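For reference, TrEMBL has these:
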type: COMPBIAS; residues: 200-215; note: compositional bias 'Basic residues'
type: DOMAIN; residues: 132-159; note: domain 'Zinc finger PMZ-type'
type: REGION; residues: 186-215; note: region 'Disordered'
Amino acid sequence: MESLKQYDEEAHKWLTENSSPYHWSRSHFRTIPKCDILLNNLCESFNSVILEAREKPILGMLENIRMYLMERLRTKREWIRKRTENLCPKNQKKLEKAKEDAAFNIARFSNDSKFEVTHMYGEKFVVDLEKRVCDCRRWELTGIPCSYVVCCISLIGEELESFVNQCYSKDAYVRAFEPAIEPINRPNAWPNSKKDPIHAPKKQKLLGRSKKGAR
């Protein structure tokens, strides 16, 4: 923030008065969600999938989304059941990258769980394996050991995967996709409803470039 103030005082003033670092700075992020991502790619990906459905009447739109989600959950369940590894692929890849980067660090014991880690360029970090914290905060934010933590775990000869948060495990993935969307009969077999019919909302022109047809 001091660097920003020196570069542009007006920008610094606006940022401090109109926003909170808890929304845009990893140094202030909460550690409970185990996520350090600033983007909303998940929402954008879902919106791109339902572009065609959004152009249909309400019931047709909901039916398209229901069938998509039913199939999506099924394919995810089948995919995870075939995996033999305990971690999901992307998280396993991040752990492998941390293993490679650990070669640039030197860990020194303080006690049974605390270490002082020195990077080849001189930076130092304190790691506590019992509390599962590292001064760089990456382990706390993501739940995946950073290179400094990996260096300490390798020093004591423990299994790296056991220090990864359980939310990335195969069992957690199975539980997340275990619920299934039930199939339903054709519309003329549905019970008659005494409620008022659903009408489409008034169409409003939104600001910005239309994303219709974008993939």
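Placed from the backbone N, Cα and C atoms, the Cβ positions cover glycine too.
No curator has checked TrEMBL annotations; they are predicted automatically.
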For the domain 'Zinc finger PMZ-type' (132-159), the DSSP helix/strand/coil residue counts are 15 helix, 2 strand, 11 coil
Whole-number mean pLDDT, the domain 'Zinc finger PMZ-type' (132-159), equals 95
